[in-house]
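Here's the structure, in structure tokens; my notes come after.
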Amino acid sequence: MAEVQEGPGLLRLMHTEARRREWPQTAAILGAGTMGLGVAECFAAAGMTVKLADATPELAREARERLIARARGHSEAGLLPEEAVGRVRGVAAADGVAEAVAGVDLVFEAVPESVGLKEEVLGVCSAGASTGAVIVSNTSSLPMDELARFVEGAGRFCGMHWFNPPEWTPGVEVIPAGETGAGTVESLVGFLRSIGKRPAVVGSGPGFVANRIQNAMFLEAVRCVEDGLASPEEVDEVVRSCFGFRLPFFGPFQIADMAGLDVYASVLGVLRDGLGDRFEPPKMLLDLVEEGRTGTKAGAGFLDYTDEERGRLLLERDRRYAALLELLGRMPPVGAGKGEG
């Protein structure tokens with residue numbers, strides 16, 4: 001087996017000693033597709049007892065074998081310690097939803113995005129799970145209040161939207177429904193942090209936050225190709241090596257502050273004049289510029305910065321960008337026409 005290097009992702013899940021007892025120790029994964037299996041691997045690697053259910057017992061057993069094979073592949077690639085593979089082998093394939101949810105602390109629903117199917121599954125699991133079990137849905141788009149109607153004791157129900165591939169993507173959106181208890185949200189946030197994830201509590205608007213922003217970018221990427229500005233390959237290169245280069249370290253508000261909010265307002269005005277109202281500068285942005293809060297250069301923008309913080313931010317930005325450039329030099333792009341990298 002290749003040498004395992006300590007780092008983010010699954011490897012952080014080995015540090016289970018710090019996980020508090022009040023956080024979930026047992027889980028049922030309902031739906032053994034790509035997301036369900038990835039989450040099952042994360043939970044099992046973190047030392048949780050995991051049961052897996054799918055549409056039929058046969059599908060659940062087949063999914064368990066795929067899960068073990070995938071964990072073994074991660075281990076052979078040096079991405080997962082052998083001891084974690086042993087934990088993944090302990091994942092049980094249940095004969096059905098009722099068997100899977102019996103006695104567990106956490107129920108993770110990951111069936112396809114069909115309200116009717118989720119109603120059926122959530123109804124069975126909320127009736128069969130213990131009253132103290134937390135029930136979460138991995139929905140990427142459905143309104144949480146609509147799904148909460150299918151759960152007995154809606155205070156224990158919450159959205160918990162993971163991203164593909166769940167083994168490696170650190171971010172998780174936590175989406176409370178209207179009746180979700182504050183203790184449920186607090187427990188889920190603490191639990192996710194304990195297994196190496198980076199949760200963000202967001203509202204239940206269409207697409208939540210990540211899909212809303214991601215799909216807005218995708219729509220403009222397609223329009224750039226349709227308008228003849230660039231090929232798909234060229235658009236990917238622009239995103240990857242220009243503004244996308246910054247995103248591992250800074251979100252859109254910090255990036256805008258560093259660029260200058262007055263600059264953003266001016267550029268958006270040009271885009272609006274050429275491409276329409278979808279680029280209308282938002283009132284929040286214009287108000288900040290009017291107040292003189294133009295970003296780091298002014299000591300305040302969307303965020304506030306002392307002189308010391310501003311200098312440290314820019315130096316840290318440069319250090320991180322230099323380190324990322326070095327990494328990218330060792331790991332060129334992969335995909336169509338890019339070789340294996």
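Every residue number used here counts from 1 along the chain in the order it is shown.
Backbone N, Cα and C define each Cβ position, glycine as well.
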Record-annotated NAD(+) site (TrEMBL): member among Ser75, Ser140, Ser187, Ser194 besides Gly31, Ala32, Gly33, Thr34, Met35, Gly36, Asp54, Glu113, Lys118, Asn164, Lys297: Ser140
The domain '3-hydroxyacyl-CoA dehydrogenase C-terminal' (207-305) [mean pLDDT, rounded to integer]: 97
Euclidean distance between Cα atoms of Gly33 (NAD(+) binding site) and His161 (site 'Important for catalytic activity'), Å: 15
Secondary structure composition of the domain '3-hydroxyacyl-CoA dehydrogenase C-terminal' (207-305) [DSSP: H/G/I, E/B, coil]: 68 helix, 3 strand, 28 coil
